[in-house]
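Taken from TrEMBL, the feature Zn(2+) binding site covers B:Cys88, B:Cys91, B:Cys128, B:Cys131.
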2 protein chains.
Amino acid sequence: MYDRILRDKELKVTPQRIFILEEIRKMGHAGIEDLHDKVKEVYSSVSLATIYKNIHILVEENILREVPVHGRKPVYEINIGDHVHLCCSKCGEISDLMDVDTAPMLAEAEKQTGHRYERIAVMLQGTCKSCSN
Amino acid sequence: MYDRILRDKELKVTPQRIFILEEIRKMGHAGIEDLHDKVKEVYSSVSLATIYKNIHILVEENILREVPVHGRKPVYEINIGDHVHLCCSKCGEISDLMDVDTAPMLAEAEKQTGHRYERIAVMLQGTCKSCSN
DNA sequence: CTGATTGCAAATAGTTTGCATAGCG
DNA sequence: CGCTATGCAAACTATTTGCAATCAG
């Protein structure tokens, strides 16, 4: 599944990397420590240092994207391009909102500043579906 | 200048707090270490622990706002409500864009999810004015 | 005065690095 | 086989905490 993506970036396909990517895909968004715990369940000898090293490489290569979160350590997600993030004020769950178009705001900002922007990150804070019941 | 704001929140008005707030206002956006260095220039005995403690309190009380930044430690700004941030990919400078209206995107997200959001944070990445020359 | 705040030092948490070994290509 | 990647331990950086002294109200 991720073999191809790694090979294309000239990164070696190691089980650690596969498990890291698989786990992030499953979790949607994962912090370093969560990820280490989860990967250890299937690959018990994996070290925290390996998680750190790989996260850096994978972010560098745009396979992953870092999502900075208000008041916490960042989480990481598979890079699927710009989209809106939601962060629940109660449970802290991070989720994606794929259907809100960020282009109009980007266009407005470019119009006002006369510059082009490479990336837009939008984070909304509120109560998520499960917590509002 | 900030006496009133502190008093309203029932926080004691100490020179350290005044200098922290003054410095953030002057710098626009400041990280913990920058802030410590700058405040030390005028109040040389201030400790890093005091900076940390006050930043927490001031964020808690909504006097300051934390701005999470992709790949770095967060910076802090005087809380002036939701607005768009720019981060220069070259020099790293963080700046504000006050005139882009975030309400339409917020409304769209609320429409799609059926929930209300308390806050929207938008970060644009690109090359800033000075760096594009 | 009295409780909040400060500064220091020590403790804790988070991240990076160096190096010997293992394993991908 | 050669070089990258891993795991470990140690180093380093960042943040928090406990406590005695200080200061604002």
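Glycine residues also receive a Cβ, built from the backbone N, Cα and C atoms like all the rest.
Nobody curates TrEMBL annotations by hand; they come from automatic prediction.
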Binding-site residues listed as B:Cys88, B:Cys91, B:Cys128, B:Cys131, least Cβ neighbours within 10 Å:
B:Cys91
Determine which residues of this chain, when B:Cys88, B:Cys91, B:Cys128, B:Cys131 are set aside, have a Cβ within 8 Å of the centroid of the Zn(2+) site's Cβ atoms, and list them as they appear in the sequence.
B:Ser89, B:Lys90, B:Gly92, B:Glu93, B:Thr127, B:Lys129, B:Ser130, B:Ser132
